[in-house]
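S.K.: Quick one: structure below, then a few questions.
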Amino acid sequence: MPSAMHLVDSRYAWLMAALSFWAQFWSVIIFRSSGVLLVGLVSDLRIERQEAAWPFEVCTAVNSIQALTAGILVKYWDTRILNIAAAVLASASAIGCFIWTPQVIAKLSSSLHHRLNLSPFDLAGTGSGIVAPANVVVLCRYFEKYRASASGVSFSGAALSSMILPPVLGSLLQKYGLQGTMLIVAALVLNVVASGIALRSTHVYPRPLHAVPTRSDDISSRSSSRDNLAESKLPLSDIFSSEMLLESGLVMSVLARAPDEYRPEVLCSDASAPVLLRVSFGNRCFVLLMVTGIVYGYVFGTYLMTIVDHVSDKASSEQGAILISTMAMGDFCSRLGSGYITDRGFITREQLLIVNFALQGVCYILLTVLGSITSLVMVALIFGLNNGGTITSMPVLLADHLGDQHLPITYGMHRLTMGVSTLARPLLIGYFKDRQGSYNGLYYLIAGFCVFMVILWTIILAAEPIKRMLLRIRRATGAR
C-alpha cells in the first residue's frame with residue numbers, strides 16, 4: 001500500500017480524529033459507568049463492595065493487556081480490522097453477561113454463584129482495550145504538527161461518554177435490571193463499527209511512523225544541529241528537555257542528532273530489541289511516564305468507581321451520577337483544550353502534569369470534608385478540568401521521548417502497567433469502605449500519590465536548566 005504523505009495534518013486527518021472520537025465514546029461505556037454499575041451490583045446481588053469492585057478491575061486489567069497486544073497487531077494489521085474486531089468482541093462479552101444467568105451458574109457451582117455470574121463482564125475489556133491504543137497509533141500516523149490537539153479530540157469522546165451514558169445506564173438498570181442493561185450495552189458498543197470501517201491506517205499508510213518529515217525548515221534544523229551534537233556526544237537521555245523539544249519543532253530532528261545507535265534506522269532494524277529495551281527501561285523519562293500512568297490510573301479510576309457510593313448517604317444514585325457527568329464536562333473541555341495549549345507552547349506538557357496532579361490532589365482532600373451536593377459538583381468540575389491534560393499528553397510524551405515509531409509498543413506497555421497495577425484497588429476499597437466505613441482514608445492516600453507526582457515532576461523540570469548549564473560548562477572547558 002503506497003504512502004499518502006499529503007494526508008498528514010490535512011482536513012482528512014481531522015476527519016480521522018473525529019471518527020476516533022466516535023469510537024472512544026462507545027468503547028468505554030462500561031468503564032465510564034462503573035460507579036453506577038458498582039452500586040447496582042452491591043444492591044442487587046447483596047455483596048460487599050470489594051467483591052463488586054473486582055469485575056471492573058479485572059475488566060480494566062484485561063483492557064490494559066489488550067493494549068499491549070494491540071500495539072503488536074497494528075504493526076501487521078489495518079486498524080480498520082482491529083476496530084471492527086474489537087467492537088464485535090466487546091459486544092459478544094456484553095451479550096455473555098445477559099446469557100450467563102444465575103440459574104445457569106447455579107447448576108455449575110452454587111458456591112461461586114455471584115463471582116462466575118460476572119465472568120463475561122470481566123472479559124468485556126478484551127475488545128475495548130484494542131480501540132484506544134489502535135486509534136492512538138492512527139492519529140500518530142495522520143498527525144505531526146497538531147498531534148496533541150488530535151489526541152485531545154479523540155480522548156474527549158470518552159469524556160463525553162461519561163457525561164451522557166452513566167445517567168442513561170442508571171435509568172436502564174432501574175427499568176431492565178443488570179442483565180437487560182448489558183444486552184442494550186452490547187448493541188450500543190457496535191456503534192464502534194460505524195467509525196471503525198473508515199479508520200484506515202497501516203504501518204506504511206498514510207506514512208511510516210519512522211519517516212522523517214520533508215518540510216524544508218525541518219531539514220535545515222537537522223542539518224544545522226547535527227555537528228553540535230556530534231561534538232557533545234550526548235546520550236538520548238540528555239536531550240529529553242521539554243524546552244529543546246519545543247524549540248526543535250519535531251521529535252525527529254532531535255533523534256537525527258542522536259548518536260548512531262539511537263537513530264531510527266537502527267532502532268527499526270530487526271536487531272534493535274536490545275537497544276530498544278535499553279532506551280526504554282534504562283531511560284528515566286520512560287520509567288517516570290510509567291509511574292505517572294500508574295498514579296493516574298488510581299486517581300481517575302478511583303473517582304469513577306467510588307464517588308457515587310461515597311455520596312450515597314447524602315444523595316440518591318441519580319444525583320451521584322450527576323457528579324460523574326459534571327466531572328466529565330470538565331474532562332471533555334480539558335481534553336479538547338489541553339492539546340491546543342501545549343501544541344502552541346503556552347505551557348509544556350510536563351508543566352501541565354504538575355498543575356493537573358496538584359489540583360486533583362486538592363479535590364480528593366475536599367471530598368473528605370465537603371457534604372453538600374452543590375459543593376461536590378464544583379469539586380467534580382475542577383477535578384474533570386484537570387483530568388484530560390494527563391491522558392491526552394501521555395501518548396505524545398511517549399512519542400516525543402522514545403520515538404513515534406515505537407509508540408504502538410510503548411503505549412501498550414504504558415496501558416498494561418497502568419491497568420495491572422490498579423488490581424489492588426478492590427482490596428483498598430474493601431478495607432476502607434467495608435471495614436473502616438468511609439472512603440476518606442482512600443482519598444487521603446490518593447491525594448498523597450498526587451503530591452508525590454508533583455514533587456517528582458518538579459524535580460525533573462528543575463534539573464533541566466542545571467543540566468544544560470553544566471553541559472555548556474563542559475563544552476566550554478573542552479573547547480579550551
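Using N, Cα and C of the backbone, Cβ positions are placed for all residues, glycine too.
Okay, so TrEMBL annotates it like this:
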{"type": "DOMAIN", "residues": "285-480", "note": "domain 'Major facilitator superfamily (MFS) profile'"}
{"type": "TRANSMEM", "residues": "12-32", "note": "transmembrane segment"}
{"type": "TRANSMEM", "residues": "81-101", "note": "transmembrane segment"}
{"type": "TRANSMEM", "residues": "121-140", "note": "transmembrane segment"}
{"type": "TRANSMEM", "residues": "152-170", "note": "transmembrane segment"}
{"type": "TRANSMEM", "residues": "176-199", "note": "transmembrane segment"}
{"type": "TRANSMEM", "residues": "286-308", "note": "transmembrane segment"}
{"type": "TRANSMEM", "residues": "320-341", "note": "transmembrane segment"}
{"type": "TRANSMEM", "residues": "362-385", "note": "transmembrane segment"}
{"type": "TRANSMEM", "residues": "442-463", "note": "transmembrane segment"}
S.K.: Same chain, outside the transmembrane segment (12-32) by at least 6, Cβ under 8 Å from its Cβ: which residues?
M.R.: 56, 59-60, 63, 83, 86-87, 90, 94, 121, 124-125, 127-128, 131-132, 135, 138-139, 142-143, 150, 153-158, 160-162, 165-166, 169, 185, 188-189, 191-192, 194-196, 198-199, 201, 206, 304, 324, 328
S.K.: Let me spell it out: take the transmembrane segment (286-308), skip the flanking residues so only those 6+ beyond its ends count, and list any with a Cβ under 8 Å from a Cβ in it.
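M.R.: Cβ under 8 Å, 6 or more out: 31-32, 34-36, 38-39, 53, 56, 60, 162, 279-280, 317, 320-321, 323-324, 327, 353, 357, 360, 364, 367, 380, 383, 387, 390-391, 394, 397-398, 401-402, 410, 413-415, 417-419, 421-422, 425, 429, 433, 439, 442-443, 446, 449-450, 452-453, 456-457, 460.
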S.K.: I'd like to know if the transmembrane segment (176-199) touches the transmembrane segment (320-341) in this structure, counting it as a touch only when three or more C-beta pairs sit under 8 Å and are separated by 6 or more positions.
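M.R.: When sequence-distant Cβ pairs are counted, the transmembrane segment (176-199) does not touch the transmembrane segment (320-341), since fewer than 3 lie under 8 Å.
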S.K.: Suppose you look only at the domain 'Major facilitator superfamily (MFS) profile' (285-480); what would the mean pLDDT be?
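M.R.: Value for the domain 'Major facilitator superfamily (MFS) profile' (285-480), mean pLDDT as a whole number: 87.
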